[in-house]
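Read through the structure below, which is laid out as C-alpha coordinates, and then see the notes.
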Amino acid sequence: MSEFDFPSWLRITHLLNFFLIGLLLRSGWQIIATHPRFYWRSDCGPGTEWIKFTKRVVPPEEGAYTAHDDELEPPSWLTLPGGRNPGLGRHWHGLVTMLWVLNGLVYVSLLFLTGEWQRIVPTSWSVFPEAWGSLKIYVGFGVPSIEHFTPYDALQRLTYFSIVFLVAPLMMVTGPVMSPAVSSRFPWYPKLFGGRQAARSIHFLGMVVLSGFILGHVALVFISHREYNVTHMVFGEYDPARVAQATTILLTTIALVVIAWIAISHLSLRDRRATQKFLFALLEPFRRLTVNKLKPRNRKGQAYTEKDISPYHWTNGRYPKPDESPEWHELAANDFRDYVLEIGPSNDPDRIVRVPFEQLKALPQQEQIVAHACMQGWTGIAKWKGPKVMDVMALAGPPPADAKYLLVTSFGLAQSMHDGRPLEPFYSCIPIEDCSEDESIFAWSMNDKPLPWTFGAPLRIRVESYVGYKMIKYLRSAEWIADYRTVGDGMGGTREDSGYQAINARI
Ligand SMILES: Nc1nc2c(c(=O)[nH]1)N[C@H]1C(S)=C(S)[C@@H](COP(=O)(O)O)O[C@H]1N2
Ligand SMILES: [Mo]
(Lines of atoms letter the chains of each structure in order from A; the text may use other names.)
(Lines give C-alpha, C1' and ligand atoms only; values in the text may rest on other atoms or scores of the structure.)
(Ligands and ions follow the chains in the order given, each with its own letter.)
Protein backbone atom coordinates (compact mmCIF):
# COMPACT_ATOMS: atom_id res chain seq x y z
CA MET A 1 0.00 0.00 0.00
CA SER A 2 2.87 2.37 0.63
CA GLU A 3 6.50 2.75 -0.28
CA PHE A 4 7.30 3.46 3.38
CA ASP A 5 7.79 0.67 5.83
CA PHE A 6 8.26 0.88 9.58
CA PRO A 7 11.95 -0.02 10.00
CA SER A 8 13.18 -1.13 13.40
CA TRP A 9 15.09 2.13 14.06
CA LEU A 10 11.82 3.99 13.68
CA ARG A 11 9.98 1.69 16.06
CA ILE A 12 12.77 1.77 18.64
CA THR A 13 13.24 5.56 18.66
CA HIS A 14 9.45 5.89 18.85
CA LEU A 15 9.23 3.67 21.92
CA LEU A 16 12.19 5.42 23.57
CA ASN A 17 10.59 8.76 22.83
CA PHE A 18 7.38 7.65 24.53
CA PHE A 19 9.28 6.54 27.63
CA LEU A 20 11.45 9.66 27.78
CA ILE A 21 8.73 12.17 27.10
CA GLY A 22 6.76 10.74 30.01
CA LEU A 23 9.75 11.37 32.28
CA LEU A 24 10.15 14.86 30.84
CA LEU A 25 6.51 15.75 31.44
CA ARG A 26 6.50 14.28 34.93
CA SER A 27 9.69 16.06 36.02
CA GLY A 28 8.42 19.24 34.34
CA TRP A 29 5.20 19.09 36.36
CA GLN A 30 7.32 18.67 39.49
CA ILE A 31 9.09 21.92 38.64
CA ILE A 32 5.81 23.71 37.90
CA ALA A 33 4.56 22.67 41.36
CA THR A 34 7.30 24.77 42.98
CA HIS A 35 5.80 27.92 41.47
CA PRO A 36 2.48 27.07 39.87
CA ARG A 37 1.97 30.46 38.27
CA PHE A 38 2.69 31.73 34.75
CA TYR A 39 3.28 35.26 33.60
CA TRP A 40 4.17 37.24 30.48
CA ARG A 41 5.90 39.99 32.47
CA SER A 42 9.21 39.37 34.28
CA ASP A 43 7.88 40.95 37.50
CA CYS A 44 5.83 37.95 38.61
CA GLY A 45 3.61 40.30 40.58
CA PRO A 46 0.68 38.68 42.36
CA GLY A 47 -2.40 39.05 40.19
CA THR A 48 -0.40 39.38 36.96
CA GLU A 49 -0.48 35.63 36.24
CA TRP A 50 -2.27 34.65 33.03
CA ILE A 51 -2.80 31.19 34.49
CA LYS A 52 -2.15 29.61 37.89
CA PHE A 53 -2.65 26.21 39.46
CA THR A 54 -3.18 27.25 43.04
CA LYS A 55 -5.94 29.05 44.87
CA ARG A 56 -3.58 30.61 47.39
CA VAL A 57 -3.74 34.37 47.47
CA VAL A 58 -0.44 36.27 47.67
CA PRO A 59 -0.49 39.27 50.01
CA PRO A 60 0.84 42.38 48.23
CA GLU A 61 3.49 43.08 50.88
CA GLU A 62 6.84 41.64 49.77
CA GLY A 63 8.13 38.92 52.05
CA ALA A 64 4.86 38.35 53.92
CA TYR A 65 4.43 35.14 51.96
CA THR A 66 7.51 33.51 50.46
CA ALA A 67 7.81 31.56 47.24
CA HIS A 68 8.72 28.64 49.46
CA ASP A 69 5.33 28.93 51.21
CA ASP A 70 3.72 28.75 47.78
CA GLU A 71 5.17 25.36 46.78
CA LEU A 72 2.75 22.52 46.15
CA GLU A 73 3.36 18.92 47.08
CA PRO A 74 2.42 16.81 44.04
CA PRO A 75 1.90 13.03 44.32
CA SER A 76 4.48 10.53 43.07
CA TRP A 77 2.11 8.88 40.60
CA LEU A 78 1.88 12.19 38.77
CA THR A 79 5.31 13.78 39.00
CA LEU A 80 8.96 12.78 39.10
CA PRO A 81 9.80 12.17 41.90
CA GLY A 82 6.76 13.65 43.71
CA GLY A 83 6.46 15.37 47.07
CA ARG A 84 8.42 18.52 47.87
CA ASN A 85 11.46 17.51 45.88
CA PRO A 86 12.07 20.22 43.32
CA GLY A 87 15.82 19.56 43.49
CA LEU A 88 15.48 15.98 42.32
CA GLY A 89 12.82 16.97 39.78
CA ARG A 90 15.25 19.45 38.28
CA HIS A 91 18.07 16.90 38.05
CA TRP A 92 15.73 14.48 36.31
CA HIS A 93 14.47 17.11 33.91
CA GLY A 94 18.04 17.95 32.95
CA LEU A 95 19.15 14.38 32.47
CA VAL A 96 16.09 13.30 30.51
CA THR A 97 16.30 16.40 28.30
CA MET A 98 19.72 15.27 27.16
CA LEU A 99 18.54 11.73 26.44
CA TRP A 100 15.41 12.96 24.69
CA VAL A 101 17.32 15.39 22.48
CA LEU A 102 19.84 12.66 21.66
CA ASN A 103 17.08 10.22 20.73
CA GLY A 104 15.40 12.95 18.67
CA LEU A 105 18.63 13.64 16.80
CA VAL A 106 19.07 9.95 15.99
CA TYR A 107 15.49 9.80 14.75
CA VAL A 108 15.67 12.93 12.60
CA SER A 109 19.09 12.00 11.19
CA LEU A 110 17.87 8.56 10.19
CA LEU A 111 14.72 10.07 8.74
CA PHE A 112 16.84 12.10 6.33
CA LEU A 113 19.57 9.51 5.74
CA THR A 114 17.05 6.85 4.72
CA GLY A 115 14.86 9.13 2.66
CA GLU A 116 11.99 8.38 5.00
CA TRP A 117 11.60 12.08 5.76
CA GLN A 118 8.89 12.31 3.13
CA ARG A 119 6.65 10.30 5.41
CA ILE A 120 6.18 13.33 7.67
CA VAL A 121 7.45 16.34 5.75
CA PRO A 122 4.62 17.59 3.51
CA THR A 123 5.86 18.17 -0.03
CA SER A 124 2.78 19.82 -1.50
CA TRP A 125 0.41 22.56 -0.41
CA SER A 126 -2.45 20.16 -1.00
CA VAL A 127 -1.64 18.79 2.45
CA PHE A 128 -3.70 21.62 3.95
CA PRO A 129 -7.02 21.00 2.16
CA GLU A 130 -6.53 17.26 2.55
CA ALA A 131 -5.83 17.62 6.30
CA TRP A 132 -8.91 19.80 6.61
CA GLY A 133 -10.90 17.04 4.89
CA SER A 134 -9.62 14.44 7.39
CA LEU A 135 -10.34 16.74 10.31
CA LYS A 136 -13.95 17.15 9.20
CA ILE A 137 -14.33 13.37 9.06
CA TYR A 138 -12.88 12.94 12.60
CA VAL A 139 -15.09 15.72 13.97
CA GLY A 140 -18.10 13.81 12.58
CA PHE A 141 -16.82 10.75 14.52
CA GLY A 142 -15.76 9.09 11.28
CA VAL A 143 -12.39 7.75 10.17
CA PRO A 144 -10.76 8.62 6.82
CA SER A 145 -10.58 5.57 4.57
CA ILE A 146 -7.41 3.48 4.55
CA GLU A 147 -6.19 4.56 1.06
CA HIS A 148 -5.27 7.94 2.53
CA PHE A 149 -2.73 6.41 4.88
CA THR A 150 0.46 6.22 2.81
CA PRO A 151 1.55 5.49 5.53
CA TYR A 152 0.05 8.60 7.10
CA ASP A 153 -2.82 10.72 5.95
CA ALA A 154 -2.48 14.47 5.40
CA LEU A 155 -3.69 15.43 8.86
CA GLN A 156 -1.28 13.01 10.49
CA ARG A 157 1.60 14.23 8.38
CA LEU A 158 0.86 17.83 9.21
CA THR A 159 0.54 17.09 12.93
CA TYR A 160 3.68 14.94 13.13
CA PHE A 161 5.62 17.50 11.14
CA SER A 162 4.50 20.29 13.51
CA ILE A 163 5.39 18.29 16.61
CA VAL A 164 8.81 17.15 15.36
CA PHE A 165 9.92 20.29 13.54
CA LEU A 166 8.12 23.08 15.40
CA VAL A 167 7.01 22.17 18.92
CA ALA A 168 10.02 20.04 19.93
CA PRO A 169 12.57 22.64 18.72
CA LEU A 170 10.56 25.36 20.47
CA MET A 171 10.91 23.42 23.73
CA MET A 172 14.64 23.07 23.10
CA VAL A 173 15.18 26.78 22.52
CA THR A 174 12.97 28.06 25.36
CA GLY A 175 14.43 25.64 27.96
CA PRO A 176 17.90 27.28 28.11
CA VAL A 177 16.33 30.70 28.78
CA MET A 178 15.63 29.37 32.30
CA SER A 179 19.38 29.06 32.92
CA PRO A 180 20.74 32.23 34.54
CA ALA A 181 24.19 31.36 33.17
CA VAL A 182 22.79 31.50 29.63
CA SER A 183 20.65 34.58 30.10
CA SER A 184 23.25 36.58 32.02
CA ARG A 185 25.87 35.81 29.37
CA PHE A 186 23.49 36.54 26.49
CA PRO A 187 21.01 39.09 27.86
CA TRP A 188 19.48 39.42 24.39
CA TYR A 189 18.47 35.78 24.35
CA PRO A 190 15.49 35.88 26.75
CA LYS A 191 14.34 39.01 24.93
CA LEU A 192 13.83 36.99 21.73
CA PHE A 193 10.90 35.40 23.52
CA GLY A 194 9.67 38.48 25.34
CA GLY A 195 11.65 37.81 28.53
CA ARG A 196 12.32 34.89 30.80
CA GLN A 197 8.74 34.58 32.06
CA ALA A 198 7.35 34.73 28.53
CA ALA A 199 9.81 31.98 27.54
CA ARG A 200 8.69 29.97 30.56
CA SER A 201 5.06 30.46 29.53
CA ILE A 202 5.84 29.39 25.96
CA HIS A 203 7.65 26.33 27.34
CA PHE A 204 4.53 25.58 29.37
CA LEU A 205 2.23 25.99 26.36
CA GLY A 206 4.50 23.69 24.35
CA MET A 207 4.05 21.13 27.12
CA VAL A 208 0.26 21.49 26.87
CA VAL A 209 0.38 20.96 23.10
CA LEU A 210 2.65 17.91 23.51
CA SER A 211 0.41 16.41 26.19
CA GLY A 212 -2.70 16.96 24.06
CA PHE A 213 -0.93 15.45 21.08
CA ILE A 214 0.09 12.36 23.04
CA LEU A 215 -3.45 11.76 24.27
CA GLY A 216 -5.01 12.26 20.83
CA HIS A 217 -2.28 10.27 19.09
CA VAL A 218 -2.55 7.24 21.37
CA ALA A 219 -6.35 7.31 21.16
CA LEU A 220 -6.36 7.49 17.36
CA VAL A 221 -3.94 4.55 17.06
CA PHE A 222 -6.73 2.44 18.50
CA ILE A 223 -9.69 4.25 16.91
CA SER A 224 -8.48 4.79 13.36
CA HIS A 225 -7.54 1.56 11.51
CA ARG A 226 -6.27 -0.19 14.60
CA GLU A 227 -5.22 -3.40 12.82
CA TYR A 228 -3.09 -1.48 10.39
CA ASN A 229 -1.49 0.68 13.09
CA VAL A 230 -0.75 -1.89 15.76
CA THR A 231 0.80 -4.46 13.45
CA HIS A 232 2.95 -1.76 11.87
CA MET A 233 4.10 -0.49 15.24
CA VAL A 234 4.96 -3.88 16.63
CA PHE A 235 6.02 -5.96 13.62
CA GLY A 236 6.94 -3.25 11.13
CA GLU A 237 4.40 -4.44 8.56
CA TYR A 238 0.68 -4.83 8.14
CA ASP A 239 -0.29 -8.37 9.06
CA PRO A 240 -4.03 -9.07 9.54
CA ALA A 241 -3.23 -12.50 10.99
CA ARG A 242 -1.31 -11.08 13.95
CA VAL A 243 -3.56 -8.21 15.07
CA ALA A 244 -4.45 -9.76 18.44
CA GLN A 245 -0.82 -10.54 19.18
CA ALA A 246 0.27 -7.01 18.21
CA THR A 247 -2.47 -5.45 20.32
CA THR A 248 -1.45 -7.50 23.35
CA ILE A 249 2.22 -6.62 22.92
CA LEU A 250 1.40 -2.96 22.45
CA LEU A 251 -0.89 -2.70 25.47
CA THR A 252 1.58 -4.60 27.63
CA THR A 253 4.38 -2.30 26.53
CA ILE A 254 2.33 0.79 27.36
CA ALA A 255 1.48 -0.66 30.78
CA LEU A 256 5.16 -1.47 31.44
CA VAL A 257 6.23 2.05 30.49
CA VAL A 258 3.62 3.57 32.80
CA ILE A 259 4.78 1.29 35.62
CA ALA A 260 8.39 2.26 34.92
CA TRP A 261 7.51 5.97 35.10
CA ILE A 262 5.98 5.56 38.54
CA ALA A 263 8.65 3.11 39.73
CA ILE A 264 11.37 5.64 38.87
CA SER A 265 9.63 8.17 41.14
CA HIS A 266 9.55 5.73 44.03
CA LEU A 267 13.11 4.53 43.45
CA SER A 268 14.31 8.15 43.43
CA LEU A 269 12.74 8.74 46.82
CA ARG A 270 14.11 5.61 48.48
CA ASP A 271 17.51 7.20 49.01
CA ARG A 272 17.33 10.81 47.97
CA ARG A 273 21.00 11.48 48.67
CA ALA A 274 22.04 8.59 46.42
CA THR A 275 19.69 9.84 43.68
CA GLN A 276 21.10 13.34 44.01
CA LYS A 277 24.69 12.09 43.72
CA PHE A 278 23.90 9.75 40.85
CA LEU A 279 22.12 12.39 38.78
CA PHE A 280 24.71 15.05 39.63
CA ALA A 281 27.51 12.79 38.42
CA LEU A 282 25.73 12.28 35.10
CA LEU A 283 24.88 15.95 34.59
CA GLU A 284 28.03 17.67 35.78
CA PRO A 285 30.22 16.76 32.77
CA PHE A 286 27.59 18.28 30.49
CA ARG A 287 27.43 21.47 32.58
CA ARG A 288 31.22 21.67 32.55
CA LEU A 289 31.21 21.60 28.75
CA THR A 290 28.44 24.17 28.39
CA VAL A 291 27.11 26.56 31.04
CA ASN A 292 30.26 26.55 33.17
CA LYS A 293 32.04 28.38 30.37
CA LEU A 294 29.59 31.30 30.41
CA LYS A 295 30.46 34.44 32.35
CA PRO A 296 27.82 37.14 32.90
CA ARG A 297 27.75 40.21 30.67
CA ASN A 298 24.71 41.97 32.08
CA ARG A 299 26.43 45.15 33.05
CA LYS A 300 28.41 45.63 29.87
CA GLY A 301 25.37 44.88 27.77
CA GLN A 302 23.07 46.93 30.04
CA ALA A 303 20.60 44.08 30.03
CA TYR A 304 18.00 45.99 32.00
CA THR A 305 17.31 49.61 32.77
CA GLU A 306 15.63 51.43 35.65
CA LYS A 307 12.22 51.07 34.06
CA ASP A 308 12.54 47.28 34.11
CA ILE A 309 12.86 47.14 37.91
CA SER A 310 10.12 44.92 39.29
CA PRO A 311 7.47 46.62 41.39
CA TYR A 312 7.02 43.30 43.20
CA HIS A 313 9.93 40.96 43.99
CA TRP A 314 9.23 37.51 45.40
CA THR A 315 11.36 36.37 48.33
CA ASN A 316 12.67 33.20 49.87
CA GLY A 317 14.03 32.90 53.37
CA ARG A 318 12.91 35.22 56.14
CA TYR A 319 15.02 37.58 58.23
CA PRO A 320 16.15 35.99 61.51
CA LYS A 321 13.64 35.71 64.33
CA PRO A 322 14.67 37.49 67.55
CA ASP A 323 15.43 34.22 69.35
CA GLU A 324 17.34 32.86 66.36
CA SER A 325 19.72 35.78 66.22
CA PRO A 326 19.53 38.42 68.95
CA GLU A 327 22.81 39.62 67.49
CA TRP A 328 21.23 40.48 64.13
CA HIS A 329 18.37 42.28 65.86
CA GLU A 330 20.77 44.31 67.95
CA LEU A 331 22.57 45.37 64.76
CA ALA A 332 19.25 46.08 63.04
CA ALA A 333 18.13 48.32 65.89
CA ASN A 334 21.04 50.60 65.04
CA ASP A 335 20.53 50.42 61.24
CA PHE A 336 23.47 48.00 60.98
CA ARG A 337 26.00 50.78 61.60
CA ASP A 338 27.97 48.38 63.82
CA TYR A 339 27.83 45.50 61.38
CA VAL A 340 31.11 43.78 60.58
CA LEU A 341 31.66 41.03 58.04
CA GLU A 342 33.77 38.26 59.52
CA ILE A 343 36.31 36.90 57.10
CA GLY A 344 37.44 33.44 58.27
CA PRO A 345 39.22 31.12 59.10
CA SER A 346 36.47 30.22 61.54
CA ASN A 347 38.66 27.56 63.20
CA ASP A 348 41.23 30.18 64.20
CA PRO A 349 39.47 33.15 65.87
CA ASP A 350 42.75 35.03 66.19
CA ARG A 351 43.09 35.25 62.42
CA ILE A 352 39.53 36.36 61.67
CA VAL A 353 39.48 39.73 59.92
CA ARG A 354 36.50 41.90 60.83
CA VAL A 355 35.52 44.31 58.08
CA PRO A 356 33.33 47.19 59.28
CA PHE A 357 30.28 48.12 57.21
CA GLU A 358 31.73 51.55 56.42
CA GLN A 359 34.85 49.95 54.97
CA LEU A 360 32.73 47.77 52.67
CA LYS A 361 30.94 50.84 51.42
CA ALA A 362 34.22 52.71 50.93
CA LEU A 363 35.57 50.13 48.47
CA PRO A 364 34.96 50.66 44.74
CA GLN A 365 31.25 49.95 44.23
CA GLN A 366 29.59 48.09 41.45
CA GLU A 367 26.00 48.53 40.44
CA GLN A 368 23.97 46.18 38.24
CA ILE A 369 20.35 45.94 37.17
CA VAL A 370 19.79 42.22 36.75
CA ALA A 371 17.15 39.53 36.80
CA HIS A 372 17.19 37.32 39.87
CA ALA A 373 15.94 33.86 38.94
CA CYS A 374 14.86 31.40 41.58
CA MET A 375 15.09 27.77 40.57
CA GLN A 376 11.38 27.56 41.36
CA GLY A 377 10.70 29.60 38.24
CA TRP A 378 9.97 33.16 39.36
CA THR A 379 12.12 36.17 38.51
CA GLY A 380 12.52 39.69 39.84
CA ILE A 381 14.53 42.53 38.34
CA ALA A 382 16.37 44.82 40.73
CA LYS A 383 19.36 47.13 40.96
CA TRP A 384 22.01 45.81 43.33
CA LYS A 385 25.08 47.66 44.54
CA GLY A 386 28.12 46.69 46.54
CA PRO A 387 31.84 45.91 46.41
CA LYS A 388 33.17 42.98 44.41
CA VAL A 389 33.52 39.75 46.36
CA MET A 390 37.21 39.46 45.50
CA ASP A 391 37.94 43.05 46.57
CA VAL A 392 36.36 42.41 49.95
CA MET A 393 38.10 39.09 50.43
CA ALA A 394 41.43 40.74 49.54
CA LEU A 395 41.09 42.86 52.69
CA ALA A 396 42.03 39.69 54.56
CA GLY A 397 44.96 39.00 52.25
CA PRO A 398 45.27 36.77 49.18
CA PRO A 399 43.29 33.50 49.20
CA PRO A 400 45.27 30.59 50.69
CA ALA A 401 46.95 28.39 48.11
CA ASP A 402 44.41 25.63 48.57
CA ALA A 403 41.34 27.92 48.45
CA LYS A 404 38.74 26.48 46.11
CA TYR A 405 35.42 27.64 47.59
CA LEU A 406 34.04 30.58 49.47
CA LEU A 407 31.95 29.46 52.42
CA VAL A 408 29.32 32.09 53.23
CA THR A 409 27.09 31.80 56.29
CA SER A 410 24.11 33.82 57.44
CA PHE A 411 22.58 35.05 60.65
CA GLY A 412 19.54 33.09 61.74
CA LEU A 413 18.17 29.88 60.36
CA ALA A 414 16.79 28.60 57.07
CA GLN A 415 13.08 29.22 56.63
CA SER A 416 12.52 25.50 56.28
CA MET A 417 14.40 22.33 55.45
CA HIS A 418 13.17 20.13 52.62
CA ASP A 419 13.81 16.93 54.52
CA GLY A 420 12.05 17.80 57.77
CA ARG A 421 15.19 18.06 59.94
CA PRO A 422 15.44 20.88 62.49
CA LEU A 423 16.24 24.28 60.98
CA GLU A 424 19.92 24.97 60.34
CA PRO A 425 21.77 28.23 59.62
CA PHE A 426 21.66 28.96 55.89
CA TYR A 427 25.04 28.58 54.22
CA SER A 428 26.54 28.07 50.80
CA CYS A 429 29.85 27.18 49.16
CA ILE A 430 30.72 29.01 45.97
CA PRO A 431 33.66 28.08 43.72
CA ILE A 432 36.40 30.70 43.61
CA GLU A 433 36.04 31.10 39.80
CA ASP A 434 32.44 32.14 40.28
CA CYS A 435 33.34 34.56 43.08
CA SER A 436 35.79 36.09 40.60
CA GLU A 437 33.13 36.82 37.99
CA ASP A 438 32.85 40.46 37.14
CA GLU A 439 29.37 40.67 38.60
CA SER A 440 29.89 38.77 41.86
CA ILE A 441 29.35 41.33 44.59
CA PHE A 442 28.48 41.65 48.25
CA ALA A 443 25.38 43.79 47.88
CA TRP A 444 24.31 46.17 50.64
CA SER A 445 21.99 48.27 48.46
CA MET A 446 18.91 47.34 46.47
CA ASN A 447 17.16 49.81 44.18
CA ASP A 448 19.20 52.70 45.61
CA LYS A 449 18.29 51.98 49.23
CA PRO A 450 20.04 49.95 51.93
CA LEU A 451 18.95 46.30 51.65
CA PRO A 452 15.49 45.92 53.19
CA TRP A 453 15.20 43.32 55.94
CA THR A 454 13.26 41.02 53.66
CA PHE A 455 15.93 41.10 50.96
CA GLY A 456 18.91 40.24 53.11
CA ALA A 457 19.93 43.20 55.29
CA PRO A 458 22.61 44.23 55.83
CA LEU A 459 24.60 42.27 53.24
CA ARG A 460 24.05 39.48 50.75
CA ILE A 461 26.06 37.86 48.00
CA ARG A 462 25.11 38.08 44.31
CA VAL A 463 26.45 35.66 41.69
CA GLU A 464 24.57 36.42 38.51
CA SER A 465 25.23 33.16 36.69
CA TYR A 466 23.40 31.30 39.47
CA VAL A 467 19.82 30.72 40.46
CA GLY A 468 18.81 32.16 43.81
CA TYR A 469 19.59 29.49 46.36
CA LYS A 470 23.31 30.27 46.38
CA MET A 471 22.75 33.96 47.06
CA ILE A 472 22.96 34.02 50.83
CA LYS A 473 21.15 36.85 52.62
CA TYR A 474 21.86 38.18 56.15
CA LEU A 475 25.55 37.52 55.60
CA ARG A 476 27.50 36.84 58.77
CA SER A 477 30.83 35.47 57.57
CA ALA A 478 32.85 34.49 54.54
CA GLU A 479 35.92 32.27 54.40
CA TRP A 480 38.02 30.43 51.87
CA ILE A 481 37.92 26.65 52.16
CA ALA A 482 39.57 23.88 50.21
CA ASP A 483 36.67 21.47 49.93
CA TYR A 484 32.91 21.91 50.32
CA ARG A 485 32.60 18.26 51.32
CA THR A 486 33.99 19.11 54.73
CA VAL A 487 31.06 21.42 55.61
CA GLY A 488 27.52 20.47 56.71
CA ASP A 489 26.37 17.30 54.96
CA GLY A 490 29.10 17.93 52.43
CA MET A 491 26.86 18.75 49.46
CA GLY A 492 27.74 22.43 49.07
CA GLY A 493 25.06 24.37 50.94
CA THR A 494 21.81 24.24 52.87
CA ARG A 495 19.65 23.64 49.80
CA GLU A 496 22.10 21.05 48.52
CA ASP A 497 22.21 19.25 51.90
CA SER A 498 18.52 19.15 52.66
CA GLY A 499 16.88 19.93 49.30
CA TYR A 500 19.06 17.61 47.17
CA GLN A 501 19.85 20.45 44.78
CA ALA A 502 23.12 20.79 42.87
CA ILE A 503 26.06 22.87 44.07
CA ASN A 504 26.33 23.99 40.45
CA ALA A 505 23.36 26.35 40.24
CA ARG A 506 23.84 27.60 36.69
CA ILE A 507 20.64 26.00 35.42
N1 LIG B 1 19.80 33.42 54.52
C2 LIG B 1 19.09 33.00 53.47
N3 LIG B 1 19.49 33.38 52.24
C4 LIG B 1 18.78 32.97 51.16
C5 LIG B 1 17.66 32.11 51.28
C6 LIG B 1 17.30 31.71 52.58
O7 LIG B 1 16.33 30.95 52.76
N8 LIG B 1 18.03 32.19 53.66
N9 LIG B 1 16.98 31.70 50.15
C10 LIG B 1 17.68 31.76 48.88
C11 LIG B 1 16.78 31.61 47.74
S12 LIG B 1 16.20 30.07 47.42
C13 LIG B 1 16.47 32.65 46.90
S14 LIG B 1 15.57 32.44 45.50
C15 LIG B 1 16.91 34.02 47.22
C16 LIG B 1 15.73 34.93 47.28
O17 LIG B 1 16.15 36.24 47.41
P18 LIG B 1 15.10 37.38 47.75
O19 LIG B 1 14.31 36.90 48.94
O20 LIG B 1 15.88 38.58 48.00
O21 LIG B 1 14.22 37.52 46.54
O22 LIG B 1 17.59 34.10 48.45
C23 LIG B 1 18.47 33.04 48.74
N24 LIG B 1 19.19 33.38 49.92
MO1 LIG C 1 15.25 30.05 45.29
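From the backbone N, Cα and C atoms, a Cβ is placed for every residue, glycine too.
Note: TrEMBL annotation is automatic and uncurated.
These features come from TrEMBL:
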- 6-235: domain 'Cytochrome b561 bacterial/Ni-hydrogenase' (DOMAIN)
- 12-32: transmembrane segment (TRANSMEM)
- 92-113: transmembrane segment (TRANSMEM)
- 158-182: transmembrane segment (TRANSMEM)
- 202-223: transmembrane segment (TRANSMEM)
- 243-264: transmembrane segment (TRANSMEM)
- 336-480: domain 'Oxidoreductase molybdopterin-binding' (DOMAIN)
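Taking every recorded stretch in 12-32, 92-113, 158-182, 202-223 and counting its Cβ pairs under 8 Å to the transmembrane segment (243-264), the highest total belongs to 12-32. Stretch with the largest number of CB pairs closer than 8 A to the transmembrane segment (92-113), among 12-32, 158-182, 202-223: 12-32. Regional average pLDDT for the domain 'Oxidoreductase molybdopterin-binding' (336-480) in the model is 96. Applying DSSP to the domain 'Oxidoreductase molybdopterin-binding' (336-480) sorts its residues as follows: 25 helix, 59 strand, 61 coil.
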